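Report on the following structure.
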Amino acid sequence: MTARRILVTSALPYANGQIHIGHLVEYIQTDIWVRFQRMMGNEVYYVGADDTHGTPVMLRAEKEGITPKALIDRVWTEHKRDFDSFLVSFDNYYSTDAEENRELCEKIYLALKAEDLIAEREVEQFYDPVKNMFLPDRFIKGECPKCGAKDQYGDSCEVCGTTYVPTDLKNPYSVVSGATPVRKSSAHYFFKLSDPRCESFLREWVADLAQPEAANKMQEWLGAEGEASTLSDWDISRDAPYFGFEIPGAPGKYFYVWLDAPIGYYASFKNLAQQRGIDFDAWVGPHSTAEQYHFIGKDILYFHTLFWPAMLRFSGYRTPTNVFAHGFLTVDGAKMSKSRGTFITAQSYIDTGMNPEWLRYYFAAKLNASMEDLDLNLDDFIARVNSDLIGKYVNIASRAAGFLVKRFDGKVDEAALAHPLLEQLREAAPQVAHLYESREYSKALRLVMELTDAVNAFVDTEKPWELAKDDGKRAALHAACSVSLEAFRLLTIYLKPVVPNVAAGVERFLNVAPLDWRAIDQQLSAASPVQPYQHLMTRVDAKQVDALLAANRESLQATAAPAAADAAAAIEPIADTITIDDFAKIDLRVAKIVECQKVEGSNKLLQLTLDLGEGRTRNVFSGIQSAYTPEQLVGKLTVVVANLAPRKMKFGVSEGMVLAASAADEKTAPGLYILEPHSGAVPGMRIG
């Protein structure tokens, strides 16, 4: 069979913060798939980079009193360390602030311009007179022009779901300085995504997307065929001061970070190609026969399934073979929380002495090919790792290896290896391979654990520890241990993409060459004696998990001073003082979320049915879809403004407002967080 040629990427982490376990879901998912492809003998390259440009990086560097270059170099070192610690096997880990990326950005931009897909338009924007800079959407807040909700971002209202341009905001203020912005006009450059050529191409391209959820979401964005296009042109420029690449022929104008970030995939691969003598153009040119896959979070699907493929198609490059999106990580059923210690950084996990392969295995045991969210239940984490990896898998080797080494000089009984159990394990190879290929890791590991149970049942039946007591059963002992260790070798092949360090230890102990998928048709040989058994993995101790949570709770206090320095970017100014009489007008009540569902036609709103202890339920729309799934909210208690006048919206009448917290700068502190009363509160209780 001809080897496939595959280019694989994960999304680029932003160079403005630490890697945490939520990030690691994606990199572990990608790495498992890449390692499997390598084991299959395919030519696969896995590339990544830090996403380094944009206003948040520029402002953070300014606050730290260093250059943006110094900041991104430091963060790159930290990110690379974390990926190495979790065995993420990039062939090249690079930076978007690289000459290869500058050249590719300019080349793609000029090609799109030659295709008449770049338009120049005057745009009126808010300008911070204190910082002397134009303000991106997320660096402006004010009152929603439709419902009047305060402290809404410059692009959409999280209360009523309305979208708008920043200049529509009432009483706007700069998140950077707190100043009232002024309006200024500026020439901006747009990628004409609304061009009929782009729409026609995207309708054709979406048909090949593997994930139904992604295809359905794209159909929503594209609208019904035959109707007027719902696609909007994309502003790809930003004004100075800005940390990024200047647009050729446009002094003082810079490529928007979301243009140069995905091009960074190609820049990283080009840098690798130069190192290894790979024909870059043969891999990424329009007639390439290679495959190209992007693993991403579902929150950036829009950029990877609309802008990115259209940019490539009309600038003379091949388009992605597919885009694989995953869901978000929760911990113990809730969003990661610094106060609870569940906002766990990659470095703290390693510093606590936790084994990275424990987390790799647990994530794999929960991951599938869908975009559904994944929950790290810490009690289940301890139980599953200790049961599956230690109690079932590693236990096989520890029960058989000692007898084989001591009694038979480590030499297997080759004649015994024609056992039906081993044939059963080999017959599962195509199914395990199919499940890895299709990213159904949880099903793959479930099947492998079923096979592991069968091997343990064989060991329990043969009882080598009993056979060893009877010299007359020496041959039976030899056969039982030989079959057990050959079965262990086969199971290791199936688990190697997930636990590569354990697999390397097994290869040393079994005295075999590095295991790939072809090794399934081979077997242990008496000519290569098994070596003395060495412990492959220790059990998870609950005290380690407790220490990990404590370390991350402490990190919140330890970083309080740096966080204060970032306050201008992350936390908006305190509102004007009010009297106690003003506050008394607001009736805050505890409410139970009885039902919850997504609002058709909106990617921001959830429709909640709330019980406020009134003998009836209320209908409330809330712009929290980016942070919660309906399943996560049903049954929870929350806090509602109960005496807010009902508001008629596009999707129905909203009879209140659910309270939620967020930072001003979601790059620095991403997320929305609903308020949850402590246990004991009941629907209808007043808060005051």
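Residue 1 is the first one shown; counting continues down the chain.
Using N, Cα and C of the backbone, Cβ positions are placed for all residues, glycine too.
These come from Swiss-Prot:
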BINDING   Cys144, Cys147, Cys157, Cys160  Zn(2+) binding site
BINDING   Lys338  ATP binding site
DOMAIN    582-688  domain 'tRNA-binding'
MOTIF     13-23  motif ''HIGH' region'
MOTIF     335-339  motif ''KMSKS' region'
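Cα of Cys147 (Zn(2+) binding site) to Cα of the residue listed as 'ATP binding site': a span of 32 Å. Taking DSSP states H, G and I as helix and E and B as strand, the domain 'tRNA-binding' (582-688) has 7 helix, 46 strand, 54 coil. Of the listed binding-site residues, namely Cys144, Cys147, Cys157, Cys160, the sparsest CB environment within 10 A is found at Cys147.
There are 16 other Cβ atoms within 10 Å of the Cβ belonging to Lys338 (ATP binding site).
The residue listed as 'ATP binding site' and Cys144 (Zn(2+) binding site) are 30 Å apart (CA-CA, integer value).
Remark: secondary structure over the motif ''HIGH' region' (13-23) totals 3 helix, 2 strand, 6 coil, with classes taken from DSSP. Separating the Cα atoms of Cys157 (Zn(2+) binding site) and Lys338 (ATP binding site) is a whole-number distance of 26 Å. Residues of the motif ''KMSKS' region' (335-339) grouped by DSSP class, helix first, strand second and coil last, total 0 helix, 0 strand, 5 coil.
Separation of the C-alpha atoms of Cys160 (Zn(2+) binding site) and Lys338 (ATP binding site): 29 Å, rounded to the nearest whole number.
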